[in-house]
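According to TrEMBL:
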type     : residues  : note
COMPBIAS : 34-43     : compositional bias 'Basic and acidic residues'
DOMAIN   : 64-123    : domain 'P-type ATPase N-terminal'
TRANSMEM : 99-118    : transmembrane segment
TRANSMEM : 318-343   : transmembrane segment
TRANSMEM : 363-385   : transmembrane segment
COMPBIAS : 644-656   : compositional bias 'Pro residues'
COMPBIAS : 670-695   : compositional bias 'Acidic residues'
TRANSMEM : 1077-1093 : transmembrane segment
TRANSMEM : 1100-1120 : transmembrane segment
TRANSMEM : 1150-1172 : transmembrane segment
TRANSMEM : 1179-1200 : transmembrane segment
TRANSMEM : 1206-1232 : transmembrane segment
TRANSMEM : 1252-1270 : transmembrane segment
């Protein structure tokens, strides 16, 4: 009795010390959720369009036939055409192009007798060739889609048949809405189905959504709550419930509706009840569901938008120049029309003309349209087709670049947008996410603070340093990691493991052997597992479970906080637990225990359950630590609880077992009597594999596990958790309030396993949690100390997270539960109702503590950012992290340099934001003027002068700055900054910033990210890049280009971007040049034929000249030309500025090219004219040397412009010239009447037998190309551009190459020093993270 009185006395002390932990209410007052009838809220009726679904073969046959008439079948068709519709539909789509319509107009115009210029069939050839090539390409693409559709539609699934009273095989295409479908393990889901039954006793199943969103971690789905039929067998004939849900949409993460049972009780439906088409059933023997969306109405097909098409900047410029070409064509035709009318009016009864009564003005009008046909080649009809072919070739070389290949992930670059490759070479602003983009997004629990006490985990830090040293050792370069495709899925009877979970490997292997056998998966990496407990924190927890421990000397309130803190880490998550031999641990209800009321009683129970003979059942995990756990935390003795500070072995990866600690809490008295080797082998046979949706969750669960709070399994209704030294305890899971970007937190509502109280555990962003906590005398001090620790963590670059709780009594919980149940059953405004319900619960919280998680920078991130900035690209980082964390990471990745001036903007109102922006603008102007006035005081580091401004702005201030009346101030401020860091920013703010910069400044923007929260800004940017990282493939699926590491962006932009832009720009200019040059030959001839529309060449050569004879060399030019080598482009990022400034394709460049074409056409026409003047050569004989000279000039012009000449170039050029001469010679000896009314027979053979022909061709070619060669040589000698200098470097001797680059950098630096400005520095930022620059070497000034 004395002992019981003492226990009550101690419990009163605990309650007084922690007044908000009111664990005194009875645990059996809460009605179950099935007892709540949402129909009590009769005032709220569902409105708007929605879908009603009943079983196809159920009792509601008549209703089914009425409502299912408008629902689509499950067959899919992604093809554009059918056999009958291909020709008309393809022609209809092709004639949406203005160029094709233009040439169709010319074809029809040539059929008008009064304006006919050529034979009717000949004018159709160019258009027919272009349409045929594109139609063939479209047909092949559509045929591939057709074969894929057939394969999918003919897949087999099992559908319930009322006639046969069982499940029968049926094609996917024959599945209908309302069908009941049964699926087995590893089968693909044929349609969107509501889960009605699972072979799992808890009514759950697991699916893998890799085919849908790329995420390979398992997702848990559960049977609809309170479904009447929950047993070993499901009888579809007896299913009489009705489903009301929203109409089909493309939101993969939302499903709203309810199921109405025969007793009129409604149960809410949400995304966890929906099995999506294309997903795969895993780790569940059988599942049964009813189809609610089929075919093109499924969410998978709603999101199937096909390849992304954007208009590039170069294409927009091209369209403008095409219009200028049209203007030029109209001027030439107008000149010819006027000339023809004037010429006719001056003739007086010429003997060589047939008398005609046509008025000269009308004849001039007719001649205008005739000249349109004659000079049609001026508009490059084949240019658009050539551009598509060239871009496909460029994409091929990008995707096959081995430098952009990631061997660990077995992935390279994905080019998802086929028509904006050249935009990669013109980027001016880069917007980057931080987590997972600049960092690894593979988290390690580093340190924590609980109840205001900080636990630094120094041993854990040293273990991490040792891990880093081993990972970056010489052997690391030889590791070959197994790809996911090599892993085999076990059969369901053997509890198959998901695709992203690897087989078990014993940790007796060397660390490098272990790393070879494991690939990262499901956010359970080696770093996340390797948590060495803090000595002080472990000693406090040991006081609760060690039998020989003296009476409690610690503050009971602090111990209560510690217990709740780690229990929250273990249960406040969505982690799926599995093992190689068992897919998920069945949550078994333990023997019911009386709720406790005292911390001493908890201690007594822990001691009672921590007997050495206690062990888990075979169906659960063993509780002896494996070799790894013993190395990280050696077995304790009754007199020592200090772990080994540094692990003696590299931790093994994600599947490494860390089972329940039995000896870690001083319970190893009997272990010495057993064979240690045999027990270690037995221990390692069973493992716990944690598969989390985010790396933070995996890291926190592993941290809780290191202290004995082990999550063994979960079901929709409860969790199985081991507390320090105990066996499995059931934790009833009442509600899960998932994380969202609005609340920035997640919560679980559980019934405490020891006290029976309803407790809300919440974790989330520190600024959000701090605002929701209540203040008290004790808690205020804890909050202040915790905030100080959070600031310290952020300055170290750690990701911070706060943990809090709230204890509810039954009087508070029951009304909230009714509101929440009503929100769950709503269809309209469901998200708003659920958000309001969560916010009502997540307030008046008690702060438990905070965590600090380290997220390492990816390799070569600092070098990549430095290179991009030297290339003239402004880099912005948009992150949701704390300001201090963002600054630290920015310093580590060299975004923030030691000599930068740091500007901060943290405002609480719009007025304050406006004043702050103006103040910072004035400060920049003042410092800039002072620096310019004293330019000799420039600060330099390395090879570049470093002096600039970096703006750091928080989310609230950014929201104010994005208002329309403050946008100009914000843009003026950021334009003066070298880089900008937006912290605490939401996905919406990210997209708003990208859109504002792109639209207001008219610059090319690139956004890069790895998660679903980056999708909006990726889609808004001119170029969107997704990283296939740890957060699934949403960003990749929404991007234009996909890479696996941030470092690949360096070569993708600086090399491939530069090449693609330069090649395509030069190819387009070359097309304009050769067309204008050749067309002008016909125009000059009109001055000598009375502007009659006659030509000096046969119509076949005229049509084929641009279509066949000179079409292939530009394609090779656009795909393979390299003006500067890749190594030089990477060494000298400044060369990228040529693309930013559009130097390869300026308006002036276009007009100079046109003028050069005019000059060459004059030479090409008048040299042969003068040579054959006074002779008796015929019309076609005069045109033959002109055509030959024009061909040589055009081909050699490309040789002059090309920077890369290989044997392939030589073959193509010689083949083009050979093809022309072979054609004209064969035509000359075989054609007599094919060019009526002229006769081609023998013309070419006679001319080519005369020396004058070759003299004219050579002289014409030399004089035509000489000015271009001389001007280029003179310009490159007197004032060469950076690209020309780089080309000279490429041609220099190899041993002088790097020395020359270094000298060039020194010269650049000397010139920049003359313009540099001095920036005073007063404050430093410490970046104490790996791969970071030592920012403490130079101070950083902060304007605050």
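The backbone N, Cα and C atoms fix where each Cβ goes, and this holds for glycine too.
Note that the coordinates shown come from a computational prediction; the quantities given were computed from them, not determined experimentally.
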Is it true that the transmembrane segment (1206-1232) and the transmembrane segment (363-385) have 3 or more CB pairs under 8 Å, sequence gap of 6 or more?
no
According to DSSP, how is the domain 'P-type ATPase N-terminal' (64-123) divided among helix, strand and coil residues?
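Helix/strand/coil tally for the domain 'P-type ATPase N-terminal' (64-123): 32 helix, 0 strand, 28 coil.
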Could you tell me whether the transmembrane segment (363-385) and the transmembrane segment (99-118) have 3+ CB pairs under 8 A, leaving out pairs under 6 positions apart?
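Contact criterion met.
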Taking every residue in the domain 'P-type ATPase N-terminal' (64-123), what is their average pLDDT?
80
Hey, would you say the transmembrane segment (1100-1120) packs against the transmembrane segment (1252-1270), going by three or more CB pairs under 8 A that are 6+ residues apart?
no
Can you find at least 3 Cβ pairs under 8 Å between the transmembrane segment (1179-1200) and the transmembrane segment (318-343), where each pair is 6 or more residues apart in sequence?
no
